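Database features (TrEMBL):
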{"type": "ACT_SITE", "residues": "Glu80", "note": "active site, proton donor/acceptor"}
{"type": "ACT_SITE", "residues": "Cys112", "note": "active site, acyl-thioester intermediate"}
{"type": "ACT_SITE", "residues": "His234", "note": "active site, proton donor/acceptor"}
{"type": "BINDING", "residues": "Asp30, Tyr144, Lys243, Asn277", "note": "(3S)-3-hydroxy-3-methylglutaryl-CoA binding site"}
{"type": "DOMAIN", "residues": "3-164", "note": "domain 'Hydroxymethylglutaryl-coenzyme A synthase N-terminal'"}
{"type": "DOMAIN", "residues": "177-248", "note": "domain 'Hydroxymethylglutaryl-coenzyme A synthase C-terminal'"}
{"type": "DOMAIN", "residues": "255-352", "note": "domain 'Hydroxymethylglutaryl-coenzyme A synthase C-terminal'"}
Amino acid sequence: MSSVGIDQISFYTSNYFLDLRTLAQLQSTDPEKFYQGIGQEKMGMAAHDEDIVTMAANAAYPLVQNGEGEQISTVLFATETGIDQSKAAGVYVHRLLGLSNNCRVVELKQACYSATAAVQMACALVARQPGKKVLVVASDVARYDLNTPGEATQGCGAVAMMVTAQPRILSIDPEVGSYTEDVMDFWRPNYRKTALVDGKYSTKIYLKALKKSWEHFRESSSLSFNDFSHFCYHLPFSRMAQKAHQHLARVNKSELTAAELEQQIADTLSYNRIIGNSYTASMYIGLSSLLENCGNNLAGKRIGFFSYGSGCVAEFFSGTVVEGYQDVLFQAQHQAMLDKRQEVSYDEYLNLYEAPDPKDGETHTIEADTQGRFRLAAISHHKREYVVI
Ligand code: CAA
């Protein structure tokens with residue numbers, strides 16, 4: 001069977017961020033707790049006219065702008081910041097991107113894991129119809145209550161990946177290690193805008209799920225820890241990946257030094273440190289970060305992936321970077337987007353924190369603010385109105 005995997009990858013985050021030094025000052029906390037202790041520096045804050053739909057469309061636009069959307073059979077939209085109990089957010093994205101009416105669209109949910117479910121399902125669809133492409137988008141706004149330990153781990157972002165046969169970036173291996181357990185480490189009931197979390201417990205369950213997924217992966221894969229050059233972990237905050245990687249190294253009795261272990265994940269963390277948690281998108285923004293920031297040629301290198309979704313479902317899988325991958329990255333566009341972001345004050349942060357959520361049927365127009373190509377222009381008669389700028 002020909003290889004299947006990621007042919008293109010692009011991400012988007014909002015144009016605003018709060019520096020965690022500002023939060024530390026307000027909370028009379030040592031900023032090093034955030035910068036070093038959890039490994040985060042800034043967190044993205046969506047403008048009022050941005051949401052999971054506009055971020056996803058912005059992430060996906062470079063992948064379809066030259067009529068390249070023609071062969072897309074399916075759009076899989078992964079999120080845990082759903083905007084509707086019924087209609088899939090991807091249907092709005094489908095229209096904003098001008099995709100074919102013969103393309104199916106569906107939304108997937110299982111906390112931060114669902115983007116990986118989407119990637120695996122996309123690989124299966126493409127294996128069945130190798131001439132077709134599947135667009136996977138993952139988009140989230142991470143929100144916790146103010147003045148809680150989770151507040152410093154907020155963020156927002158979206159990633160878009162085109163999954164095809166003979167991919168130009170990453171060929172994904174068929175073997176997976178899965179782990180599911182019914183736990184309450186992080187959840188968000190339908191009536192809440194912010195997540196509830198048992199923070200310390202969630203980090204323990206993450207590590208347990210890593211070990212269990214890895215053990216299950218090893219039952220079907222001949223690959224061992226030493227076959228991997230780099231590892232991409234789900235990134236709720238970058239220190240979590242460092243702890244996870246040290247844990248996996250211990251499980252495997254690895255003889256690599258601390259510096260060598262750090263080198264295997266360091267480049268995956270750069271974007272997350274300044275974007276914050278983007279839930280479903282975060283591990284794949286980590287992959288972008290690795291591909292775009294690693295000084296060495298990664299072609300032919302094996303990457304290990306650990307995807308974790310609270311609740312919990314986790315998966316370990318692997319892929320090999322394809323020769324010439326550098327030619328299809330959107331590195332310059334990503335850097336330009338990150339460079340033009342604006343820092344907000346604490347008061348501005350509080351304002352952005354309250355996303356528009358009118359519950360009456362009146363017409364609420366939303367002031368133009370985003371630097372992106374797509375915006376939420378109004379909520380009218382309970383309908384969200386998206387426009388191309
Ligand atoms: N200088 C340097 N480091 C400092 C410091 C200072 N002045 N002060 C504290 N630290 C260190 C601490 O020693 C600690 O390090 P270790 O974990 O290595 O011991 C670290 O900073 C964090 O300090 P605390 O443990 O005191 O932090 P906290 O209790 O305030 O919150 C948290 C930490 C529980 C992770 C919290 O941020 C949280 O609840 N986050 C949301 C939940 C989360 O992200 N869970 C991750 C797993 S679940 C998942 O992955 C799904 C998902 O996306 C949510």
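Including glycine, each Cβ sits where the backbone N, Cα and C put it.
Just so you know, TrEMBL annotations never went through curation; they're auto-generated.
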Taking ligand 1 as the reference and 6 angstroms as the Cβ limit (strictly under), which recorded positions among Asp30, Glu80, Cys112, Lys243 are close? Asp30, Cys112
Most Cβ neighbours within 10 Å, among the recorded positions Glu80, His234, Lys243, goes to His234
When you measure from the Cβ of Asp30 ((3S)-3-hydroxy-3-methylglutaryl-CoA binding site), how many other Cβ atoms are you left with inside 10 Å? 11
Separation of alpha carbons, Glu80 (active site, proton donor/acceptor) and Tyr144 ((3S)-3-hydroxy-3-methylglutaryl-CoA binding site) (Å): 13
Of Asp30, Cys112, His234, Lys243, Asn277, i.e. the recorded positions, those within 10 Å of Glu80 (active site, proton donor/acceptor) when Cα atoms are compared: Cys112
So, by DSSP, how many helix, strand and coil residues make up the domain 'Hydroxymethylglutaryl-coenzyme A synthase C-terminal' (255-352)? 50 helix, 20 strand, 28 coil
Residue counts in helix (H, G, I), strand (E, B) and coil for the domain 'Hydroxymethylglutaryl-coenzyme A synthase C-terminal' (177-248), per DSSP? 36 helix, 13 strand, 23 coil
Diameter of the (3S)-3-hydroxy-3-methylglutaryl-CoA binding set by C-alpha atoms, the set being Asp30, Tyr144, Lys243, Asn277, in angstrom: 22
Let me check the 10 A CB neighbour count of Asn277 ((3S)-3-hydroxy-3-methylglutaryl-CoA binding site). How many other CB atoms are there? 29
Would you mind listing, in sequence order, the residues at least six apart from Cys112 (active site, acyl-thioester intermediate) in the same chain with a Cβ closer than 8 Å to its Cβ? Glu80, Asp140, His234, Pro236, Tyr279, Thr280, Ser282, Met283, Ser307, Tyr308, Gly309, Ser310
For Asp30 ((3S)-3-hydroxy-3-methylglutaryl-CoA binding site), the three-state class that DSSP assigns: coil
